[in-house]
Amino acid sequence: MDVQAQSAIATKLFINISVLSIALNSSFFVYLLYSNRLYDLGKCCSSAVLLILPLSEVLKHFYVKQMFQLETGLKSGPPSSSSSSSSSSSGRSAGVANARAGRTRWREWFGAAVLFTLATLFYAFICVVLGAPLDQYEETSSLALTLTTVTIFPIILLIGQSHTYQLLLSETLELKSPLTNSYLNLLKNNCIGVILGAWGASVVAPLDWDRPWQVYPIPNVVGSIGGLFGMNVFNLMSTVYISMYRNRRAKAQ
């Protein structure tokens, strides 16, 4: 596939996933406002409203996987074998292979759960360092879970927990497909928007407006999702602009 075709597919991917993310985030905000669930954001133990966020990320992941057939293996890694070494293998060897694949899948899920937990604890620690009250552990847990769900969780879904560890440790991660690399960079940009949004929303906390939505961690949770929304809008606008610019240059030549 030539560079121009790859660029066209990447543009389509960025536009589609940005539009889907904007729609899901907008629906989440509308649900919070019209169901009067905004003030439940800090109660992760008594409210299931935050479960909407991981469901949204899973929906986006399966949409991208099915529509664009992303390859998530490492470029330098050995080719994976999807069949047994002998075409005439017995039913016993096939059963062993299936059991081994099942154990690998369970290890991957367990490792992903451990990584998700570690990331949540890290975010909670950062929140406490930045001034979160120590006695409001449920509120801090809600914020940490939200941050982990919209930053680390989509990357785990895309490249798996082992590659996510490498990425978090600042190791060079080059995937087989250029399209998957582009999408991974998009997810990393989303992380920047989420963190900036959560941090920037803290400015309303010390104001003496005495509004119920100023109570920790409501501004930070809303700010993190708003940061994701804003980054998706930026990704959409920049992708459309670059695509229009390239089309104008191609017609001019």
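Glycine too: its Cβ is placed from the backbone N, Cα and C atoms.
If you check TrEMBL, you get these features:
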COMPBIAS  76-91  compositional bias 'Low complexity'
REGION    73-93  region 'Disordered'
TRANSMEM  13-34  transmembrane segment
TRANSMEM  109-131  transmembrane segment
TRANSMEM  143-165  transmembrane segment
TRANSMEM  186-205  transmembrane segment
TRANSMEM  225-244  transmembrane segment
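Proximity of the transmembrane segment (109-131) to the transmembrane segment (13-34) is not established, fewer than 3 Cβ-Cβ distances being under 8 Å for residue pairs spaced 6 or more apart.
Panel annotation: around the transmembrane segment (225-244), residues 11, 14-15, 18-19, 21-22, 25-26, 28-29, 53, 146, 150, 186, 189-190, 192-198, 200-201 of the same chain, lying at least six beyond its termini, place a Cβ under 8 Å from a Cβ of the stretch.
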